[in-house]
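Under the heading S-adenosyl-L-methionine binding site, TrEMBL lists Arg75, Gly109, Asp130, Ser177. Taken from TrEMBL, the feature Mg(2+) binding site applies to Glu178, Glu181, His182.
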Amino acid sequence: MQSNGVVIFRLVLAFFRFVLVKMFEKTSIAFLSLVEGLSMKGTAEDDVATFDQLSKRWWEPNGPMILLHRLNKLRVPMVVEGLIKVGKLDRKQRYTTDALKGLNILDVGCGGGIYAEALAKLHANVVGIDPARHLIEVAKAHAEAQSDIKDRCHYYEQSMEEHWQGAANKYDVVVLSETIEHVVDKSSLLKHVAEVLKPGGSVFISTWNKTSWSWLLAVVVLENIMKRLPKGSHDYDKFVSPEETEAILEAYGCRTIEQRPFYLKFWESEWVWVPFNQLTYALHAVKG
């Protein structure tokens with residue numbers, strides 16, 4: 001048993017740690033706003049414009065989108081492993097080059113097609129949607145130049161609100177990777193995701209948690225100090241906790257079966273799975 005003194009000391013210590021984090025957060029915001037014109041708020045149009053400007057360099061492996069290229073190391077195997085867990089794939093398919101053969105997958109917020117192409121290379125039929133016109137043009141051109149996937153990758157300049165109509169129960173899998181944190185109305189987005197999924201279909205989401213630490217890493221370190229993310233591309237107000245994401249999905253009939261935190265070793269530009277859930281997370285939910 002711990003003495004009352006020890007318990008009180010730990011509570012006081014935790015309180016001061018919380019206060020220091022909040023003070024640092026507010027001081028950093030003020031400083032960066034003054035020195036670099038940092039804004040933590042952005043409209044949907046701002047986000048589209050930001051990524052549109054990067055379209056010409058989207059497929060440079062070590063260019064401004066290096067972190068999306070490196071994220072495939074985690075997010076593609078998670079789709080395969082997740083589908084094995086729910087019985088949609090056989091375990092023998094885990095390491096085959098056509099593991100996703102015959103599956104219809106929707107990539108929401110596909111950008112220039114980095115994730116979509118990786119899924120298509122495993123023989124999935126992939127539809128990618130994004131409201132950024134120049135990125136869709138880049139995605140189409142890049143896929144068209146590859147004979148092994150060009151017939152399995154199809155891209156459309158659309159939002160989810162536009163795409164879901166006429167696509168009810170169409171997809172085996174929907175993926176939203178680094179997408180939901182750019183959307184204001186997350187409930188409407190995930191409602192439409194649930195509507196286009198087949199019964200028993202899976203949705204895979206990866207995004208930033210809504211914590212002071214995730215803001216510190218994404219906005220302060222990666223956007224403004226190390227320049228590893230496009231400046232102004234992340235708005236803390238749009239970040240969402242895993243608890244909130246799971247609750248919205250459950251409201252629309254999708255049960256979360258796995259949630260895994262991951263972390264960026266930013267000094268190496270490498271994503272790794274971790275046991276703590278303060279920064280980024282990926283989850284897998286199934287439509288009942």
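Note: Cβ is positioned from N, Cα and C throughout, glycine not excepted.
All TrEMBL annotations are machine predictions without curation.
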Gly109 (S-adenosyl-L-methionine binding site): tally of other CB atoms within 10 A of its CB: 25
Site extent for S-adenosyl-L-methionine (largest Cα pair distance over Arg75, Gly109, Asp130, Ser177, Å): 19
Sparsest-packed of the listed binding-site residues (Asp130, Glu178, Glu181) - C-beta count within 10 angstroms: Glu178
Fewest other Cβ within 10 angstroms of its own Cβ, chosen from the binding-site residues Arg75, His182: His182
Number of other Cβ atoms within 10 Å of the Cβ of Ser177 (S-adenosyl-L-methionine binding site) across all protein chains: 26
Among Arg75, Gly109, Asp130, which are recorded as binding-site residues, the nearest neighbour of Glu178 (Mg(2+) binding site) by Cα: Gly109
